[in-house]
Number of protein chains: 2
Amino acid sequence: MENWINAEGLKDNVILSSRIRLARNLKGYPFPNKINKETADEIIKNIEDAFYSNENSKEEFKTIRLDEKTEIEKEMLFQKHIVSKSLLKNKDIGSVILNSNESISVMINEEDHLRIQGISSGLSLKEIYENINRIDNIIEEKLEFAYDSDIGYLTACPTNVGTGVRASVMVHLPCLCITKEIENAFNAVSKMGMTIRGLYGEGSKGYGNIFQISNQITLGPTEEEIINGLNAMIYQIIDKEKEARTRLMDRYKYEMKDRIMRARGILSTAIIIDYKESMELLSMIRLGIELDLIKDISKTTLNKLLIDISLPALQDKFKDEIKNDNINFYRAIVIKENFIKRGV
Amino acid sequence: MENWINAEGLKDNVILSSRIRLARNLKGYPFPNKINKETADEIIKNIEDAFYSNENSKEEFKTIRLDEKTEIEKEMLFQKHIVSKSLLKNKDIGSVILNSNESISVMINEEDHLRIQGISSGLSLKEIYENINRIDNIIEEKLEFAYDSDIGYLTACPTNVGTGVRASVMVHLPCLCITKEIENAFNAVSKMGMTIRGLYGEGSKGYGNIFQISNQITLGPTEEEIINGLNAMIYQIIDKEKEARTRLMDRYKYEMKDRIMRARGILSTAIIIDYKESMELLSMIRLGIELDLIKDISKTTLNKLLIDISLPALQDKFKDEIKNDNINFYRAIVIKENFIKRGV
């Protein structure tokens, strides 16, 4: 599995990353919203012991105690999609076990006792599933999960009951947004029992034409069926986006180039720029790379910028210099660092 | 007198150019809208003979026959403010005598038989008046003008009767436009019996925050009073614009820099750009130079671009390549030539 930020990926890939998480709970303990610190520590210890009993786990992974991290460091983990908002809310009782390239995170005492998550570059659901399934098995060998033979795995929230699987894919759909066909894509996705959301999940907006498409149903189909279903939907959406790209480039070649090059011009010169506009312009640069119109900027640079222009990343980089009224100024500095050195 | 396009001028000068024209008619001939080709030629010959009888005139000036120029060449003379639209309309009977740096043009058979015009860089009404007055005297020594001792010089249009003087100043007022105070300036100007119009006079729009302010009244005050009155009004407007600049830079320094630098970014990268947007962005660059935020672009470059991005200039440069649907593409090329080589 590849760290999704550092991977360059295929040039024409419209998929930024794939992600799967399994929700599991230990038998005999209340769900995390009902436990005290003592019980939480016991759960952490049980899971860590079970997980690290495996020799490979010890080499590849290490535990991060959230109560030892600053607020900004925790927010950064969220920005990188390593931990969930729910884990950050449970920061006093939560913990996360992370591998070295930050592609697998085992969250403990999130909404459920255990959330095993894999995230990797491109469309890689099957590979991710194999990897997190292996971790699931390592832990299940030692610990008994809350499981009902009729229903499947029991979870804190009923929407996760059954397989406990949530698979999602982060897609970049600028041309479906330009042609407004994105509405059709939204409808198609929800008819198939899946959801489409913004970059940071539920309630977040599809800034920069980046969306997360994920399964909604966890009860009924098998884990494999869920993943195959999502995969099939994603292939359809990729096709639609590529069709839209071809059509737009056929009919509006100069207008498209204009949009992309102007985005580059603005990103290279703006003195103040807000998050939304940055995301929109960076989306045009990504499209420019994917259409082979921009050759000297890497997708890795863009992936890093997705994180680096966020408020926590700016706070982490500029510390106390960041005030409410100068965030857009420092964001512009970070962006220009990545653009100007290449010339416009 | 300096060619207004090639002159760099003072850095903080908000005046692009000053212009004065005198309207005169020969006694004993109908106004140009009533004459045939034969009479027109007679008038041209009379005026040329009178004018070139002076030794200096022969050295400095030469005659341009409009019927020997292409449509595009004629339009270019208009874009440079060397000839008027009325002269171009009368192209079959009209002629123009021009000095070598294109600062003085003697138009023959325009709306009136004679329009003596001087245009020069910066605020230079008095210098221009001296120069064109000298030419007026050279011709009046040899020819009798239509003149009424009560009214003054007679002209085809009653709005020019009396002195026949129209003095105008081309001003760049970006900050009065940003703060919307331009409305007040418009009111003040018209209360003083003057008018404010776009870059290309009556009916043209104030694209790129460039306006022409000119006297309305020609009958009553002397030529000197008209010029002094306009001069005084211009000084007031310059003060208002400079006040607005100081205020905006005090309160919105980063926003102002942002606007200026983004303009540079877009001009350096756009693939298609229309005339209006070009003018607006070039206005921001001019402001950037005047505020000392941009140091590597000259005002001469911007003055030349005012002309070079116009349709006739693009047609002149790219000839048959220019079609209705690609003007904005070629305009962007011309702009980029002036911006990219300097980097962004």
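A Cβ is built for glycine as well, from the same backbone N, Cα and C atoms used for every other residue.
If you draw a 10 Å sphere around the CB of A:Ile20 (ATP binding site), it holds 29 other CB atoms from the protein chains shown. Per TrEMBL, ATP binding site is recorded for A:17-21, A:His81, A:Arg115, A:166-170, A:197-202.
The domain 'Phosphagen kinase C-terminal' feature in TrEMBL is assigned to A:14-244.
In the shown protein chains, 25 other C-beta atoms lie within 10 A of the C-beta of A:Ser17 (ATP binding site).
Sequence-distant neighbours of A:Ser168 (ATP binding site) (same chain, 6+ apart, CB under 8 A from its CB) are A:Ser18, A:Arg19, A:Ile20, A:Gln212, A:Ile213, A:Ser214, A:Asn215, A:Leu230.
Looking only at other Cβ atoms within 10 Å, the busiest spot among the binding-site residues A:Arg115, A:Arg197 turns out to be A:Arg115. The domain 'Phosphagen kinase C-terminal' (A:14-244) scores a mean pLDDT of 92 in the predicted structure.
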